[in-house]
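Here the structure is laid out as structure tokens; the discussion comes afterwards.
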Amino acid sequence: MRVLGIETSCDETGIAIYDDEKGLLANQLYSQVKLHADYGGVVPELASRDHVRKTVPLIQEALKESGLTAKDIDAVAYTAGPGLVGALLVGATVGRSLAFAWDVPAIPVHHMEGHLLAPMLEDNPPAFPFVALLVSGGHTQLISVTGIGQYELLGESIDDAAGEAFDKTAKLLGLDYPGGPLLSKMAAQGTAGRFVFPRPMTDRPGLDFSFSGLKTFAANTIRDNGTDDQTRADIARAFEDAVVDTLMIKCKRALDQTGFKRLVMAGGVSANRTLRAKLAEMMKKRRGEVFYARPEFCTDNGAMIAYAGMVRFKAGATADLGVSVRPRWPLAELPAA
């Protein structure tokens, strides 16, 4: 079975083809980073227009890469939410139209389920049950996962997501958009301990997160200490350490609460090397396992949508002729497969 996956939820156009026997046959990605850089963030209208320009050509490239034709595709999966409504509508419209033209099923996919299942694309996929840390620019959540669609929300950010906090703090440090990876690179040159940031909401019970205060703390630290290169690096180090420690503390609590031995980390921030190293060390001490996707599958991509679409199709999920998207879509609302 071969599934074409279409991802257009934000500022990446991702197209992939997944075969349930041979694995990933094609993976095409176009990033709009340069388009939005001058604005310091994603401009929804520009994102939508660029998806219109890039989606069909990338589908053609994916078919060429895989050596397949339209007749070889058994289903078309597309991101139906959450995300930017205009961007979602581009992928949904193209996906639904192709499915109709090719006379194959159309499968709406939840963007965050795609991220959650991305580690399944690796050679050593996690087995159920596990705790999932979904950490990206728009989401920071801890999920108890006992099967496909069997998701229980354990905790989430009550304000900024971790990735959003990274980008906003990077902007305060004078870094270009998207600033998160640049901040991490700067943090590697920083001195540990010169500045100490709080670990938000770790002094009380519960699994929720709050990262907006760290941005304010960073702004005040920059104001009081100047912006020479070493000071900026030290502030970046303190900020990253605070976010990573907070995520690690909450993961420990989630594992203790569920009794699970496996931790899955997914979403754009899961590519952060410091976070990966700290969680790997933590799970080794707990005699557990940590799983994550390769870096190119941590950020938005079509491969995770194609894979999630295949899983959902096998569970009987298809869409009608209408095109609908959900900019807001709680993961817990998905049916069990």
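Note: Cβ is positioned from N, Cα and C throughout, glycine not excepted.
These figures come from a predicted structure and were not determined experimentally.
The Fe cation binding site annotation in Swiss-Prot covers H111, H115, D300. Look at H115 (Fe cation binding site): DSSP puts it in a helix.
Counting every protein chain shown, the Cβ of V135 (substrate binding site) has 28 other Cβ atoms within 10 Å. In the three-state DSSP scheme, V135 (substrate binding site) falls into the strand class. The substrate binding site annotation in Swiss-Prot covers L134, V135, S136, G137, G138, D167, G180, N272, and the record cites sequence analysis as its basis.
Overall, the recorded substrate-binding residues L134, V135, S136, G137, G138, D167, G180, N272 cover a maximum inter-Cα distance of 17 Å. Between the listed binding-site residues, namely G137, G138, G180, the fewest other CB atoms within 10 angstroms of a CB are found at G138. Of the recorded residues, V135 (substrate binding site) and H111 (Fe cation binding site) place their C-alpha atoms 13 Å from one another. When the binding-site residues D167, D300 are compared by the number of other C-beta atoms lying within 10 angstroms of their own C-beta, D167 comes out lowest. Among the binding-site residues L134, G138, N272, the ones whose Cα is located within 10 Å of the Cα of H115 (Fe cation binding site) are L134.
All protein chains included, L134 (substrate binding site) registers 25 other Cβ atoms within 10 Å of its own Cβ.
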